[in-house]
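In TrEMBL this protein carries:
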type	residues	note
TRANSMEM	A:6-30	transmembrane segment
TRANSMEM	A:42-71	transmembrane segment
TRANSMEM	A:91-110	transmembrane segment
TRANSMEM	A:131-155	transmembrane segment
TRANSMEM	A:188-209	transmembrane segment
TRANSMEM	A:221-249	transmembrane segment
TRANSMEM	A:261-277	transmembrane segment
Amino acid sequence: MIWLDTIVQGILLGGLYALFATGLSLVFGIMRLVNLAHGDMIVLAAYLILVLVTGLGLSPWLAVLIAAPLMFALGWLLQRVVLNRVLGPDILPPLLVTFGLSIAIQNALLEGFSADSRRIPNPDLEGASVALGPVTVGVMPVLTFASAVLVIVILNRVIYGTPLGRSFRATSDDPVTAGLMGIEPMKVFAVATGIAMMVVTVAALYLGTRANFDPAIGPARLIYAFQAVIIGGLGSLWGTLAGGVIIGVAQTLGAAVNPEWQILAGHLAFLLVLLIRPRGLFPRARD
Amino acid sequence: MLLETRSLDAGYGRFRALFGVDIRVDAGECVAIIGANGAGKSTLMRSIAGVLPNAPEMILHQGEPIGALSAAAILQRGIAMVPEGRRLFPSLSVEENLLIGGQKRRGNGQWTLDSIYALFPILREKRSMPGTALSGGQQQMVAIGRALMSNPELLLCDEISLGLAPVVIRDIYAALPRIRETGAAVIVVEQDITQALRVADRVYCLMEGRVTLSGTPAELTREAIHSAYFGGHA
């Protein structure tokens, strides 16, 4: 029964990693941009929610509704003003720029909030739990996983069922020919990054309410996100969820054997999948 | 006059492919651009379509300079292109490829999914398949339909017969009169001189980035075309 409980906890933890990774997967899938500042953007959004909760006395749920459009605007601006200028056949410039952005965000947060650990207060649900058959799970982990599924369902509906999604896929396939259809790839990229930042805000809500965070934890979140995306297969959102779950289960199983092995077990699972399926579990045909 | 190029110079970086090209297209007219490989035909199409940036006044649409506009802005002015090699979007179905062509359509023109399917009935059967899973000829139909979905007044067709069997080329070109019935002008880039002379009201021959011959098919002799196409004397 302990093992079943461990696996269930791992699956639910995978929902959080999938949320970390979904925005990264979306941006990579559309514009082949690897955003090294993605983890720091999650932490930045967590601080934004924290300010709204502690400064204005809002509930975290209301705060995320305010933070999400602000983060969309930030992502849109970041893409239009900075990232669009460095996109091109050479992948190095965007890597360097987002690496620099990562450092800048960490230092700005350090300056503004100090190195102290923070947590978004959520007294209503913090310790709440619910029985799922033979195992008992926290309400917040369940909400996290449900949010990850919901986010992926919504994004898939947008990508495969709307004109905007058609523009995303066409621009991803061939930006020059997309231009001939009247689509402006740089505008499409900006909207995609804006949407990715809204997903980042949802991830930040659960990051900040479930555990402590500080300005330096972004790069580790980026690594989990990367691993989930790569395990799932580049560009596949359901694959990203599967990737998150694999890392989550590996971590909780590792921790059950020896608490010191939690993070290592996740990395080993990643390496194992990479050895068996180098293109991930559900790669898109053309990637 | 619908479209005019004036001393158009164009190229890729430091490489120049066009040298002072002057062509004109009147409303509703079909103009053929012929020439051997590397003559600059596709560069001319890409320049007009806004894929290659130029000085504004080198290309005029209804008298207004459009040479520096983006491809998206050119489409908004009613100039759509069927690119060389079809270039369908692999992750889109046949129907989605058509729909994306009409996503920024101008006004309420006559081209809709139904009228495209009436023009190329086979596409209705294949509507759910990935565009790139079709045969070459069917892909070309999708590419033409996709460009028509924007309701263009000028359609640029770049090498639409390239790599296709003669019977398929005949089917593709059979659609041209019906496209012209809508009042749209067409520029056809062709290496097949006979095909070009059959469909065009006027012909320009390019060689090494320069216009070496122009006129109506009736005016052009076989010898003059041969000389303009290959250089030297027939």
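Here the Cβ of each residue, glycine as well, is placed from N, Cα and C on the backbone.
Nonlocal intrachain contacts for the transmembrane segment (A:188-209), taken as residues 6+ away from its ends with a CB within less than 8 angstroms of a stretch CB, comprise 16, 19-20, 22-24, 26-27, 30-31, 33, 38, 41-46, 48-50, 60-61, 63-64, 67-69, 71-76, 78-80, 83-84, 87, 118-120, 122, 125-126, 140, 143-144, 147, 151, 155, 158, 164, 167-168, 171, 178, 221. Within its own chain, the transmembrane segment (A:131-155) is flanked in space by residues 1, 4-5, 8-9, 11-16, 18-19, 22, 26, 122, 125, 195, 199, 202, 206, 209-210, 237-238, 240-241, 244, which lie at least six positions past its ends and keep a Cβ under 8 Å from the stretch.
Among the listed stretches A:6-30, A:42-71, A:261-277, the one sharing the most Cβ pairs under 8 Å with the transmembrane segment (A:91-110) is A:42-71.
Using a Cβ-Cβ cut-off under 8 Å and counting only residues 6 or more beyond its ends in the same chain, the transmembrane segment (A:42-71) has close neighbours at 20, 105-106, 109, 112-113, 118, 120-122, 124, 197-198, 200-205, 207-209, 213, 215, 217-218, 221.
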